[in-house]
Amino acid sequence: MKHYYASAQIIANLLKWILLVSLLAVALLPLLWLLVSSLRTNLELQTNPFGWPEKLQWVNYAKALAMASLPRLLLNSVVVAASAVILNSIVTAMASFILSRERFRGRDVLYTVFTAGVLVPVISFMVPYFSFITKSGLYNTLLALVLVYTAVNIPVSIFLVTAFMKSIPRELEEASVIDGCGFFKRFSVIILPLSRSGLVTAATFCFIYSWNEFLMAMLLTSSIESRTIQLGIKFFTSQFITDYASMYAAVIITIIPSIVGYVFLHDKIIGGLTAGGVKG
Amino acid sequence: MQAVGTQRSRVWGARVLFLLPVSILFFFFFIYPFLFTIYTSFTSWRGIGSMKFNGLANYTKLLGDPTFRKALGNNVIWALSQGFIQVPLACLVAMILVRKPHFWRSLRTIYYLPNVISTVALAMVWVAIYNVEGPLNAILGALFGAEKRNWLGNPDTALFAVIFQTVIYIGYFMIILLASAMNIPRSLYEAAEIDGASTFQQELNITLPMLRGSLITTMTLAMAYGMRHFESTFLMTGGGPAYATTTMGIDLYLKMDALRYSEASTAGVFLILMGTVVITVLRKIFGSSDPMSEMAQ
């Protein structure tokens, strides 16, 4: 039927796969290179940037973990990210419940204001954040980072969770009211359990942000006691100055939580992005 | 909700209680900083002591500052390259994946992966890749016999190098575009097929027009992100060499670090302003009505 187009089709097909495979390489090769480099010796790294390790150097990981600060920095990151995720989930679940299930004047304005927060570049707030955090005595504390990460994620979380809660059929709630459920019961027994999936999506975005965030952590903390792992691999790698292999091992350790999380939750992440994109 | 309406004041108390935590956080981390940034941009303030009103002095100073002008120019290049190279490339990939070639699901998942990896880690990898003795020079040397370059250390190539690495983040825009491409009714293509339209004609006359709304969305996002770019450049070059890669965000940080707080605030106002300009200009050019948003309703 389409004989004339046959060769053009083959070429188009070829070009298509060249593009798809090159993008695959661009997405994966940096990470693979990092992984392979973390298992080589420094001598191997110096003589040839590529190549497989002669013998897998797991000792690099032992050396990285033995670095004075790494376990502490990892612990700080876990505490900060977990606290921010929990706090963000609680406050946005409460607010989204009101914004999606209650009817009152000004509700849509309030929703618009909260979600418009995504349009504001948070990096333009470096001066007020620094001055405010310092004045309130929170400078160089994990709490400062927990509050900033919780707050910065509010617009995205409100958007995702409110949209999800809106999709719950009203009949379910009305039935519960007839059964005598009050305000708090409607929230905790009906809406909250049904919104679990939306909350997990929001929490995933909040975790990724909090685990990876760099600028605010740099701005608002100054010592190992309250710094996160991202600052650790940026600034404390001076300890590794001649030991690149161990430094790469340390970096791999810091990205494992993100990769593991992504493997399990990528459907939620992709679903969350889609919710925002299609509606524009 | 008749039953609820009878206990008005108690319900209002509960509503306020539920909105309070988010409102407080939003006030302290969005509204107050926004007003604070604008206010301090009209004062001379060095972080301590009183704020003295000095009118537009910071604005004229900043606009005359060659470093800030360089940063502003770089941000414009960033925004254009993200909006007009990154997004069209993402769109092309989405148009391929929507036809569900082999492994399209896995490809979609892997293309997004770099977006969840920390910028600190990836920046470190790219510094190694761009190194004089690094993999990029080795590949280019082997393939084309190209001379070794110091990609990030040379002012002529540094900006290109820091922008080029953003190609790894293409999955973000691709996923948004792919989702709306998947919403296009198959019947449109079937009808075109019957009319004898080639694949290329179908893409041109069906997919692209139907993607218009999402393309505007992703372009707006991409350009707004270009305007507020900070992290990977700061980590790779610190804005150097000789300010070749500096951005408004980096300039803001360095001014703040030098205790020039009110100038930093003024740079912050420009950051917000340029983001707003991007959004309004794109809305003006393309309008906000589009087939996709009508379909979504």
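Every residue gets a Cβ built from N, Cα and C, even glycine.
According to TrEMBL, the features are:
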type     : residues  : note
DOMAIN   : B:72-282  : domain 'ABC transmembrane type-1'
TRANSMEM : B:12-35   : transmembrane segment
TRANSMEM : B:76-98   : transmembrane segment
TRANSMEM : B:110-130 : transmembrane segment
TRANSMEM : B:158-179 : transmembrane segment
TRANSMEM : B:233-254 : transmembrane segment
TRANSMEM : B:266-286 : transmembrane segment
Per the Cβ filter (under 8 Å) with a sequence gap of at least 6 from its ends, the transmembrane segment (B:158-179) is approached by 74, 77-78, 81-82, 86-87, 89-91, 93-94, 97-98, 108, 110-115, 122, 126, 130, 151-152, 211, 214-215, 217-218, 221-222, 232-233, 236-237, 240-241, 244-245
Looking only at residues six or more beyond either end of the transmembrane segment (B:76-98), which have a C-beta under 8 A from one in the stretch?
104, 107-108, 111, 159, 163, 166-167, 169-174, 177-178, 181-182, 184, 203, 207, 211, 215, 218-219, 222-227, 229, 247, 274, 278
Under 8 Å Cβ-Cβ from the transmembrane segment (B:266-286), and at least six residues away from its ends along the same chain, one finds 34, 37-38, 41, 58-59, 61-62, 68, 71-72, 75, 79, 212, 216, 219-220, 223-224, 227-228, 248-249, 251-252, 255
